[in-house]
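Noted in TrEMBL for the protein shown:
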- A:Glu458: active site, proton acceptor (ACT_SITE)
- A:Thr166, A:Gly205: FAD binding site (BINDING)
- A:695-712: compositional bias 'Acidic residues' (COMPBIAS)
- A:40-151: domain 'Acyl-coenzyme A oxidase N-terminal' (DOMAIN)
- A:162-272: domain 'Acyl-CoA oxidase/dehydrogenase middle' (DOMAIN)
- A:302-473: domain 'Acyl-CoA oxidase C-alpha1' (DOMAIN)
- A:514-690: domain 'Acyl-CoA oxidase C-terminal' (DOMAIN)
- A:692-712: region 'Disordered' (REGION)
2 protein chains.
Amino acid sequence: MSAQDRLQAVKQHLTPDQERANAVDPVASMNEERAKAAFNIRELTHLLDGGEKATELRERMMQEIERDPLFKMHDIHDISKEELRERTMEKFRSLIHHLQNESVDTFKKRMEVISLIDPGFWTRFGVHYGLFVGALQSNASPGQLSYWFEKGALSLTGMVGCFAMTELGHGSNVPGLETTATFDEASDQFIIHTPTLTATKWWIGGAAHSATHAAVFAQLIVKGKRYGTKCFVVPLRDPKTYNLLPGVNIGDIGKKMGRDGIDNGWIQFTSVRIPRGYMLQKHTKVSRSGTVVEPKLQQLTYGALLQGRVAMVVDSGNVSKKALSIAVRYAAVRRQFANSKSNGIETKLLDYPIHQRRLMPLLAQAFAMHFTGTEMTAMYNSMMSRLDGASPGDPDMEEIVEMLKETHSTSAGLKAFCTWNCLNTIEQCRQACGGHGYSAYTGLAGMYNDFAVQCTWEGDNTILALQSGRYLISSYREAMKGKKLSPGVGYLNNLNGLIGKRCQVQKLEDLLRPEVLIEGWQVVCANVVKNAALEFEECLKNGLDVDDAYEQCSQSRLYAARLHTYGYLFNRFADGVSKIDSDLKNILMKVCMLYGLYTVEENSGAFLQYEYFTPKQMEFIRSQVNVHCKLVRDQAIPLVDSFNLSDFMINSPLGRKDGNVYAHYFDQVKRSNPQGEHPYFNRLIKPMLERDMDGGDIEDEEAGLEEEEDEE
Amino acid sequence: MSAQDRLQAVKQHLTPDQERANAVDPVASMNEERAKAAFNIRELTHLLDGGEKATELRERMMQEIERDPLFKMHDIHDISKEELRERTMEKFRSLIHHLQNESVDTFKKRMEVISLIDPGFWTRFGVHYGLFVGALQSNASPGQLSYWFEKGALSLTGMVGCFAMTELGHGSNVPGLETTATFDEASDQFIIHTPTLTATKWWIGGAAHSATHAAVFAQLIVKGKRYGTKCFVVPLRDPKTYNLLPGVNIGDIGKKMGRDGIDNGWIQFTSVRIPRGYMLQKHTKVSRSGTVVEPKLQQLTYGALLQGRVAMVVDSGNVSKKALSIAVRYAAVRRQFANSKSNGIETKLLDYPIHQRRLMPLLAQAFAMHFTGTEMTAMYNSMMSRLDGASPGDPDMEEIVEMLKETHSTSAGLKAFCTWNCLNTIEQCRQACGGHGYSAYTGLAGMYNDFAVQCTWEGDNTILALQSGRYLISSYREAMKGKKLSPGVGYLNNLNGLIGKRCQVQKLEDLLRPEVLIEGWQVVCANVVKNAALEFEECLKNGLDVDDAYEQCSQSRLYAARLHTYGYLFNRFADGVSKIDSDLKNILMKVCMLYGLYTVEENSGAFLQYEYFTPKQMEFIRSQVNVHCKLVRDQAIPLVDSFNLSDFMINSPLGRKDGNVYAHYFDQVKRSNPQGEHPYFNRLIKPMLERDMDGGDIEDEEAGLEEEEDEE
């Protein structure tokens, strides 16, 4: 018996009155949607998670965290910043326990689940283990690394670290940092100093109330000569008392848009002395006598930096899934406006074509980001394992450098556009919940505030997108010189075949094949990259230097990066779906086509500009977006169910799996706001209501003044 | 001596070192920008404010509010919801004083200034004076109105009102509200009742802690018959004690995304009895014996409802100005990356073409919303004054109804797209401030959270945009029948001239004339409206009823509304500029052309789809957006200066007029986060750092268990 048959069977046993009551009951509405599943939901969960075992592990993690009293989340919207920060610190210890006792893979899964539940805590923990320990690993010599690990950097005994790179006046431009580290040969020490207000270390996570040590990025100065920005470990506080050490001044950065669990601070150093050995000397070395030895090759140190970006692509997919779980489930039970034939029963939001238009393309996009994030992670891991095994003289070094460049550029573009897409998804989901989206308890407002930082940290999105655009221009120029490019930009080796090409389909229906859209993206991207490169070369001809020329054509670079990244997302999604050999392929192909058609429509200006599609074809694509929205809408609840996020993780009454949204929402609001004494009736309201009315007006009495009548 | 000459003169007296120090000093950077003014800033302020007198009044208001200790705003990001709500109530009384003692125009200006400083308070005050008193004015008979005014509704003596329309399960669909008002003939009373959970009144501003009375919208039931939704005054609390009255249950809605100064609540009525006279009977009347007299003509009552929408168009312009004051001023002093020729001096953000691209179109859009808001206000006032003076039989009644329909539809589209534009402007400005945009103290995060509600309240934006699209379709169909349409949609009377028309300019430079873009918008809008109408008629032919047919083509309706509204904004901006006969015309024409070119580029898909512009022309427009961004950038600081928002109003260290952003920011962070005792070092951190390392691991001792060695 199919799900549809079961649904029909159930319906046949209802009286008209029961049917009507059932129809407005949100739980019945949700069950009705779930019964429509045309695929095996559990199987799709396994596919998304990367196998049955991975699903089981994730479910174990969800359960463990839900049961941990430290991770209670139901009151998170009503506690103060101070309470939130203290609670966040409490979780630290419990996580160390797991870190020490479980496998790396298990712990990674735990952190992935936590990042979706409590991003503020995830950041605070990540500051020590990701940024501080990461800085040690990237910059310390083997002996130095052992020293800091023995001091407790891994076990969090005797020290907690933070990462002090950004300054009040300096963010993206690391070589422009002002903090100085001057070698004092007499004492064999470095003097760490903040010379100006703008050199104040700023936004330093963990500095306000957690860290004993900082990895400080400062200008190395030896015998009056500057050697650029290096990394130094600087003790900040006495671990026994948490008193600030001499010359260290630290303050709290205070209230932020979100992630208030993390205690960002500012730091000023006033001639703080540290031993010479506290400069991390894996690359540049400073000897006892002040001889500076710089590395022969600029090391390929930025591989590790890419990890954060790749993680943010994956996170963009995950957070989108969470937001969509709320908005799509709410839309399946929320009813609004009855029509003439509905017997007074209001229509589900999800049945409105316009609501399908609002949510279904975003649902498809979440899948696109999922498939791309998975692929990007594999690409990063494979690149890193080759990089780790390689040494400068290796014959395949050139290939590895190409891989690194491609991963660098692709992850830059994806980080930018995926975090933007996710932030937009959250806001669209919030608005799709109508007025209730404005309540803190429905979860989307806080999600927006927590996520927003991803668009500016670890590389401002605009700057990253421009980097990606720069790579596209240089790839184009290399292709023109006959170089074979790496796969992601391989289409630029086929410029003659692509420039000027038009869509060749016989019938409009043939547009609904992924390969047509993939070719379309290649044609459009080849054109915009070529235009950007020609603009760049024109700038060079006009006498600009390379950097100025790139600045001058930055809008074209950004546009090229945008289109290339969208094309890439579709390409990876389509490729991922093509490899599936189960029944799931059917539904995922619909989702994939919706994504493809929608992104073409969104960028119709480019497809028409380069005449790949005719206006008539574009009109057909526009209408097919509607058709595909409806197809995906039909399976919308099974699709978000496949994300398999527990009610605890989603933490929104509107996103509850059972569909009983109003009861859960009312409960949450009552529990969070217990009725009590009026806080200020006697002080403020009563005197206002009972005031003497004359008191409010300016008296218009003459107050003894004798005045003559005005003459007329 | 011109400003440029003065600047040169100053520069000539500097030594190279002074010049370099000056160059990185943010105050000097700001002065440099201000000295570029090519127009009289004060004159532009007068133009924007509507005259010198209006500017002076606004400045007086800014000063009065800044000096009022109740309106202190520097600590607003760090106080709790409870403190914020109490402080908000405190301001109530001070405002009543002004309401009673100053002219309506002065008070309106005061409220306009306050709405930009403290939108939460503005809402709380507006709930009583705008919504509750407004409900009385729209629905009470003259005698009833006097009754409530005498009871204290105007003076806020003995009563505070709230507006109870929305229910937990019912928002936009007012006829679908569930709350009942059943006439009990025996007692000559109405029984107000909340029959279900979803009928709970929800989001009611002022209900939690302020209101004694509510204007309740409920289903009128007399002798078993339902007469639709009417308005009833229901006492909630005893004004002497604030105890809830029998049958009334009220709770606090709690934490929201923003505007926490307003105490939204929920209300459940359990057989609450009110006198028959508490039903407001301006329109429908219920007699002592239960005879219901319904009005002959459905009254034109929704004129007053439009006021809120028009105000939101104006507000979108104002809030955009505030956000842009911050981001543009910060961009004028923030420096990032040095280039090879800059002597180590980093480049101003504002000098990056990409940063100009991020902010200048939004600056132009703020002007477009300003001019359109001013015009929309005039249109609304003229419509209302004619409506107030008219009676049903008047010969010009048909024309007035047309005006009302046009104002209704135009304001619906403008409310939707202007609030969306403004929300986007805030977020783009926030991201343009880089990491600092994530700090609460820089103001943009809170501005986003406060403003976000405007996209869903007083008509959800999507629903309003669809209303506008419906009007466009029906206007098209009327035009086809030969009816002369009102000016805003007048282009639909010229379909033959517009459909299929292509841009006729000889040279590309001729595209830079407003009339070309205006014609382009008309051609594109005529096409999309026509397509939407044809799609609608196709649905009718396929047997759908009118409402279903409109739903089916909702995406086309939304698209038509979007393009029509963008075209309208440009049209009004260009019209406003064309009427200026001073030197200001020069700069405003540049701003206007930037807006026009940018919106064409943003909607290039439509302009290419209908082949008004060729791909080559579109490429030129794209490049001209860059050119115009640079032109406007040159005057960017003088332009935001002309908005004339005081530092107190802007309340962001990054938006300070003097440009001394880092000093102000550091001061604010220190003042808001005084250093003190560590809040939880002894309880949480010390035990973690000093813990016995073995304690963290699961013991791997055998604990007495005898085990045999595994055989290999």
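Cβ from N, Cα, C; glycine included.
Here the features listed in TrEMBL are placed on the structure.
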residue  : record                       : DSSP class
A:Thr166 : FAD binding site             : coil
A:Gly205 : FAD binding site             : coil
A:Glu458 : active site, proton acceptor : coil
Problem - Long-range Cβ environment of A:Thr166 (FAD binding site), under 8 Å and at least 6 residues apart - result: A:Lys201, A:Trp202, A:Trp203, A:Ile204
Problem - Mean predicted confidence [pLDDT] for the domain 'Acyl-coenzyme A oxidase N-terminal' (A:40-151) - result: 94
Practice task
Would you list the recorded positions among A:Thr166, A:Gly205, A:Glu458 that come within less than 8 Å, Cβ to Cβ, of chain B, in the order they occur in the sequence, writing 'none' if nothing qualifies?
Solution key: A:Thr166
Handout entry: Contact ranking winner - A:40-151, A:162-272, A:302-473 against the domain 'Acyl-CoA oxidase C-terminal' (A:514-690), Cβ under 8 Å
Key = A:302-473
Fill in the blank from the handout: Cα-Cα, A:Glu458 (active site, proton acceptor) versus A:Gly205 (FAD binding site), nearest Å, comes out at 13
Completion exercise
DSSP assigns the residues of the domain 'Acyl-coenzyme A oxidase N-terminal' (A:40-151) as 94 helix, 0 strand, 18 coil
Exercise for the section: Give the sequence-ordered list of residues that share a chain with A:Gly205 (FAD binding site), lie 6 or more positions from it, and have CB atoms under 8 Å from its CB. Expected result: A:Thr123, A:Arg124, A:Val127, A:Leu131, A:Cys162, A:Phe163, A:Ile262, A:Asp263, A:Asn264
Practice task
Starting from the Cβ of the residue listed as 'active site, proton acceptor', draw a 10 Å sphere and report how many other Cβ atoms land inside it.
Solution key: 17
